[in-house]
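Feature annotation from Swiss-Prot assigns topological domain 'Periplasmic' to 1-22, 75-88, 172-187. Annotation comment: Swiss-Prot describes 19-209 as domain 'ABC transmembrane type-1'. Per Swiss-Prot, the feature transmembrane segment maps to 23-43, 54-74, 89-109, 151-171, 188-208; the stated evidence is sequence analysis. As annotated by Swiss-Prot, topological domain 'Cytoplasmic' applies to 44-53, 110-150, 209-219.
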Amino acid sequence: MQFDWSAIWPAIPLLIEGAKMTLWISVLGLAGGLVIGLLAGFARTFGGWIANHVALVFIEVIRGTPIVVQVMFIYFALPMAFNDLRIDPFTAAVVTIMINSGAYIAEITRGAVLSIHKGFREAGLALGLSRWETIRYVILPLALRRMLPPLGNQWIISIKDTSLFIVIGVAELTRQGQEIIAGNFRALEIWSAVAVFYLIITLVLSFILRRLERRMKIL
C-alpha cells in the first residue's frame, strides 16, 4: 500500500481535538493522583499501623490490576452496583487516572521522603518545630524536588495510558484516530499521524521537565 499524505491533512483538526482531550484527562487525573499519592505516601511513611496498612492495600490492589480493568470497573460495574450512580466516560477516565497514578505516586513519595537524610528531621526538631511542622516545612520541600523526575515520568505514562480509554468511548487521541479510519479506511496514514502526535506531546513534556529539573537544582 502506498502512503497517501493527502489522507492526513483533513484528519489533523480532529486529531488536535483528541490530543487536547488526552492532555486534559492526564492533567486533571495527575492533579488528583498527586493528592492521593501524597496522602497514601505519607500514610505509608509516617502513619500508624491502620493508616499504613490501608494505604498498602490500596497501593497493591491498584498496582496489581490493569488500568483497563480499573476503568471498566468504574464505568460499567459501579453503576450496576449503585443504581442511582451515573458516570460519563470523561469522568470515568479522569477518576481512573487519579486512582492509578495515585498508587504509583504514593511509592514515589515514600521513596523521596525516605531518601532525605535524617539529619534534616533532627535539625527541624532541634529548632523547636513539631513533628508535622518539620515534615511540612523541611522534609516535604526537599522531597518534592526529588520527586520531580519520577512525577514527570508518571505524567508521560498517564498520557499514554489514556489511549486505553478507547474501550469506554472517550474522544481522546486514539479514539479520534479510530473514528477517522472508520470513515476513510487509511489505517497506515492515520495511525502514523496518531503516533507522531503522541511523540510530539511526550518529547515536549520531557524537554520542559528537564528544564525544570535544572532550574530547581535537584538535591
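Cβ coordinates are placed from backbone N, Cα and C, and glycine is handled just like the others.
Among the stretches 23-43, 89-109, 151-171, 188-208, the one making the largest number of Cβ pairs under 8 Å with the transmembrane segment (54-74) is 89-109. If you look at the topological domain 'Periplasmic' (172-187), the same-chain residues 6 or more away from its ends with a CB under 8 A from one of its CBs are 4, 7, 11, 14-15, 17-19, 21-22, 25, 93, 162-163, 165-166, 193-194, 197-198. Across the topological domain 'Cytoplasmic' (110-150), DSSP assigns 35 helix, 0 strand, 6 coil. Note on the topological domain 'Periplasmic' (75-88): its mean pLDDT in the predicted model is 91. According to DSSP, the topological domain 'Periplasmic' (75-88) comprises 7 helix, 0 strand, 7 coil. Residue counts of the topological domain 'Periplasmic' (172-187) by helix, strand and coil are 13 helix, 0 strand, 3 coil (DSSP-based).
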